[in-house]
Amino acid sequence: EVDWFSLASILFLLMFAPLIVYYFIMSCDQYQCSLIDPLIDLLTGKKHLSDIWDKTPTLTYRAAGIYALWVTFQVVLYVFIPDFCHKFLPGYVGGVQEGAVTPAGVVNKYQINGLQAWIITHVLWFANAYYFHFFSPTIIFDNWIPLLWCANILGYAVSTFAMIKSYAFPTNAKDCKFTGNFFYDYMMGIEFNPRIGKWFDFKLFFNGRPGIVAWTLINLSYAAKQQELYGQVTNSMILVNVLQGIYVLDFFWNEAWYLKTIDICHDHFGWYLGWGDCVWLPYLYTLQGLYLVYHPVQLGTANAIGILILGLIGYYIFRMTNHQKDLFRRTNGNCKIWGKKPEYIECSYMSVDGTKYYSKLLTSGFWGWARHFNYTGDLMGSLAYCLACDFEHILPYFYIIYMTILLTHRCIRDEHRCFSKYGKDWKRYTAAVPYRLIPGVF
């Protein structure tokens, strides 16, 4: 059943999330990234909504062509070019991999080739920038708002198609979840793993491609625009490109591991993922680079080094925390964490068919510090991106605010699910590891 709070939250997001994205992008285009000035103009009557809307660039054939070509290219890389990176990159896990067991007992197979798609895309981008010159490296920035309309069209189209598909021809009817509430079903999704054909998995494609592959290209386009406007690329822009580039590369290097995360293992595919990955992710996760085009910041050497160190430490914690859990799972606890035999709590749970299963919850290493210490590292990296933009405007700090809310909410969702699954064993675990994110604080 859908409780009133969940329904109210969903209606709020459906109505206001697209407006939030538009407001942020419009504020940079018309108000030099000030979030306050548009409100002041509207409240004082200096401008009307129609004045702001009339100055907003509209959808263009050029933008539609660019976006259609981009998505088609990523579909081709995803579906038709099997992974070859795992054949020559030591330690990289690519190619055909199995996902987690779905609620219906299905084990889906995935073609893991995101790193390959990212490499091919960026090789072609740099080849064009330095050799072919078919288009300007600023092409993304120059068409940013027209591309926003294209992204919205795709986001709504794929979300609507996924809902229709779940009724008309679901990939697996037993993995569909119908609540009877149209808005909840549209937002959170009905099908668990909607697919077309053998390999085109909606969830994996839209989670990773085209948005995350584009993330680094978008930042590169911002850097190119800085060079065009000011004759140089600031060290703050370089920091944002480097730190976010590390995050993106980590995502694709560990794409097989991503199959075991909450997005793939628990979320159904609806507007939350479909529209979110097409619009919210590429437009709001890249606000720091966009801001730096309008407000170039040249950091002092000490500040730049400090921000770089914060970002790298955050990444190290994020990666090593996830590595410890993955190692513990793969070896069933027969490994060493920080040079010692890992500590853990034995748990049991019952599946829907009455079968009893056993599991182990790690309580040493970073997982002894906090129950979601990987999120803590993620937040440290997120803060570093924002600090690179200095303190003149709040807009670039939206990312750390949003990520704090998102990851805290994920903590609560995950722990509610674990308590339902493990019962009293979960209480034993939380007693052993009492903090969620920050040891000694929260």
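Here the Cβ of each residue, glycine as well, is placed from N, Cα and C on the backbone.
Automatic prediction, not curation, is the source of TrEMBL annotations.
Now, the feature entries from TrEMBL:
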TRANSMEM  6-25  transmembrane segment
TRANSMEM  59-81  transmembrane segment
TRANSMEM  115-132  transmembrane segment
TRANSMEM  144-164  transmembrane segment
TRANSMEM  238-259  transmembrane segment
TRANSMEM  271-294  transmembrane segment
TRANSMEM  300-318  transmembrane segment
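Of the Cβ pairs linking the transmembrane segment (59-81) with the transmembrane segment (300-318) and spaced 6 or more residues apart, fewer than 3 are under 8 Å, so the two regions do not touch. Among residues of the same chain six or more beyond the transmembrane segment (238-259), those with a C-beta under 8 A of the stretch's C-beta atoms are 92-94, 97-100, 110, 112, 114-115, 117-118, 204, 207-208, 212-213, 215-216, 219-220, 223, 265, 285-286, 288-289, 292, 299, 304, 307-308, 311-312, 315, 318-319, 322, 326, 381, 384-385, 388-389.
Stretch with the most C-beta contacts under 8 angstroms to the transmembrane segment (271-294), considering only 6-25, 115-132, 300-318: 6-25.
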